[in-house]
Every structure is written in C-alpha cells, then in structure tokens.
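Noted in TrEMBL for the protein shown:
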ACT_SITE  Cys85  active site, glycyl thioester intermediate
COMPBIAS  159-176  compositional bias 'Acidic residues'
DOMAIN    1-148  domain 'UBC core'
REGION    150-183  region 'Disordered'
Amino acid sequence: MSSPSKRREMDVMKLMMSDYKVEMVNDGMSEFYVEFHGPRESPYQEGTWKIRVELPDAYPYKSPSIGFVNRIFHPNVDEMSGSVCLDVINQTWSPMFDLINVFEVFLPQLLLYPNPTDPLNGEAAALMMRDREHYEQKVKEYCERYAKAEDIGRHPEDSSDDELSEEEDCMSSDEEMAGHADP
C-alpha cells in the first residue's frame, strides 16, 4: 500500500462499501459525490446533503477538497459555493485519516460544534452569537427547503431566498447588523 493511487482506490472502495451512497463523477477515483445525513440531536438532523469530494493527486498526503452541493446555513460553510472551513481537513490533515473519517467524524463535528468566530457565512455566525434559538430555527428551515433526500440532486439556484419566510430572514446589511448611529 505504498503508492498514493493504491491508497486512494482503497479509501474510495471502503467508502463505497460503507452505508454511504457514493456517485462517481468520471471513470477516475478523484472526484465523486457522497450523500451525507445531518447528525442526530442537532438542528441538522433532518437534512441530507450531497457532498462533493475531490482527491488531489497527492492524496492521502494532501487533504481532500470537501464542499456542500445543496445549501446549508452554517457559520463555517460558504452559503453560495458550499466550501467548508474545516481546520482538520484544510490545515491539520494527516495520511492517518481516511474518507470514512471525513463523513463519520469531521463533518458531524463541524455541524455539531460550529465556530462563529471564524466564519465563512457571516450572517449565520452573527445570528448564532446573537440569538441561538432563531439560528437553529433558520437551520431547520434550510434543511426543510434545501436538504431533503429527494432534493439532493437539485442545484441551489433551483430555489430562491425569496421562498424563506420574512420572519426567518435576518439582517443582511452591515448597517443593520451594526445598528443605527445615534443622531
């Protein structure tokens, strides 16, 4: 198991033989999608996401690129691109980790313990710090709208922000977040 390509094949096969649904993009083993369910006892528990995984040529010595395809409301996930801000994957990846770790440990930990002090989604981070109950309600609304198992093939542009109820909308401009200056 000395070559990265053998390790890549082994890790992808291990993931395919697990309980995860894996959809290969091409004939190669470097790009694929995985169906991921939100962790239990979290506001994300009703959600199902299609996760894009890209393995670099140097995998497992270099971390995989991970992104949510369908929308998620989370401080550490860019809402438009789906990019994940995850230190373990992006900065402290080790060849000891494999793809199963990504889906059984890293992503569930990300959803269970968001870090609003290092956000990719400033709106989610601000709402989480300001009003945790409202934040969790918005997470659940996103799960209902964008993260149903039958909808994971849909593209984010298939649904618009206009569908979100006005009472669930949070402040969007910097002026509204900062408040108004006294006259």
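Cβ atoms are placed via backbone N, Cα and C, with glycine included.
Neighbour density for Cys85 (active site, glycyl thioester intermediate): within 10 A of its CB lie 18 other CB atoms from the protein chains shown. Across the domain 'UBC core' (1-148), DSSP assigns 56 helix, 24 strand, 68 coil.
In the predicted structure, the domain 'UBC core' (1-148) carries a mean pLDDT of 92.
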